[in-house]
Amino acid sequence: MSSHHKTLLPAAVAAGAQASTLGVMGGGQLGRMFVHAAQRLGYFTAVLDPDVASPAGLVSHVHVQTDYLDEQGLAQMLQRCAAITTEFENVPAGALYTLGAHLPAAPGAEAVAVCQDRAREKRHFEQCGVPCAPHALIETPEQLAGVDAALLPGILKTARLGYDGKGQRRVATRAELALAWDELKRAPCVLERLLPLAFEISVILARNADGELVSLPVQQNLHRDGILAVTQVPAPNVPAGLSAAARDAAGRIAEGLGYVGVLCVEFFVLQDGTLVVNEMAPRPHNSGHYSIDACDVSQFELQVRCMTGLPLVAPRLHSPAVMLNLLGDLWFDADGRERTPDWAAVLALPGAHLHLYGKSSAQRGRKMGHLTLTADTPEAARATALRAAERLGLPAF
Ligand code: ATP
Ligand code: MG
């Protein structure tokens, strides 16, 4: 984006001018919430996604329905859009290189390429002086055989294309490790030592081409089966010093990449209090969805501001919040029959903000929506969230 310093104003600001169209690669729920934020500011939107019924494609002015690397699809995006962003890191970097060569792109293809690969990502963390889990790259049978025993028990993760705990196997012994690598089709992997976690947090920041950086308050995240389940803000277990350290580390990671756009950095806090970086995502993140309802600037508006060169301001949390993810499991009863969750029961709770992503079919583990509960105090937000969880049949936290 550095070569394009012109601010792209929305139509409402540039009176009489034609509205700029902002393009997003990927049509999932993150793209959908980006489209909502862009449209609210007066922009037109274009979504590239191969799925005819993608959550973002359904709400965008334009849906370019092709594969990510399709030449005609990319040509259409180039023709229509004034700037480009992405909503998931598995968009082939090649597509972003092509678009970024002609249009302001935030984030840039090079930064996304680092985030796409766990091994490169970890190398970047180390270069920035931010400790990550002890790990080893496993690409060959020799590397597998020679793995340091200190990395067991560990988690074997595919270097590419993992999300929501997919492409991961917990392994306790060398025999299990060998089996797990076979199961993962001997794809390039990273073996990480299993760390004794106290809890998990994330930092979402936005950085512009001038290097100005703002961040959301630190989020505390609870995962179940490798999938985010609950986010709490303010983070109940995080003292001010730890929060400052996490924001500082995330900032260094962004600066080291020359990053422009919204970036999420996930951290582990170990039982002895040590901060360890887990991974990063070159986009808004599930742990920042609460910001739509609880902050004066959401992570999606920050994404719009970054790609258009509009000013960045530090978001303020105006309401303590708890976010509950709504996975497809909720759409099935104990006997496996399909049902609709009782939305009226949760919407009867004060401070409940329901977001459904418009996905046509529910599957177990699939992110169908989220529910944010806001209140005057963290205690009240948590109490309401526990009631909502109970009404939906979700476990307490
Ligand atoms: P996503 O991209 O959806 O956040 P992912 O599939 O990339 O998820 P990770 O973030 O690598 O997965 O791991 C998912 C969860 O598994 C973590 O949030 C954490 O709860 C647990 N986990 C991962 N690595 C470790 C580790 N080294 N030690 C202990 N727990 C871990
Ligand atoms: Mg993760």
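Each residue's number is its place along the chain shown, starting with 1.
Cβ from N, Cα, C; glycine included.
Sequence annotations record features per position, and here TrEMBL assigns ATP binding site to Arg118, Lys157, 162-168, 192-195, Glu200, His223, 278-279. Positions annotated as domain 'ATP-grasp' by TrEMBL: 122-308.
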Fill in the blank from the handout: Comparing local Cβ density (other Cβ atoms within 10 Å) for the binding-site residues Arg118, Lys166 points to Arg118
Completion exercise
In three-state DSSP terms, Arg118 (ATP binding site) is classed as helix
Handout entry: Nonlocal neighbours by CB distance (under 8 Å) for Tyr163 (ATP binding site), same chain, sequence gap 6 or more
Key = Phe88, Asn90
Exercise for the section: Measure from each Cβ of the binding-site residues Arg118, Tyr163, Lys166, Glu192, Leu195 to the atoms of ligand 2 and list the residues where some distance is under 6 Å. Expected result: none
Exercise for the section: Identify, in sequence order, the residues in the chain of Asn278 (ATP binding site) that are 6 or more apart from it along the sequence and have a CB within less than 8 Å of its CB; answer 'none' if there are none. Expected result: Cys132, Ala133, Glu200, Glu266, Phe267, Phe268
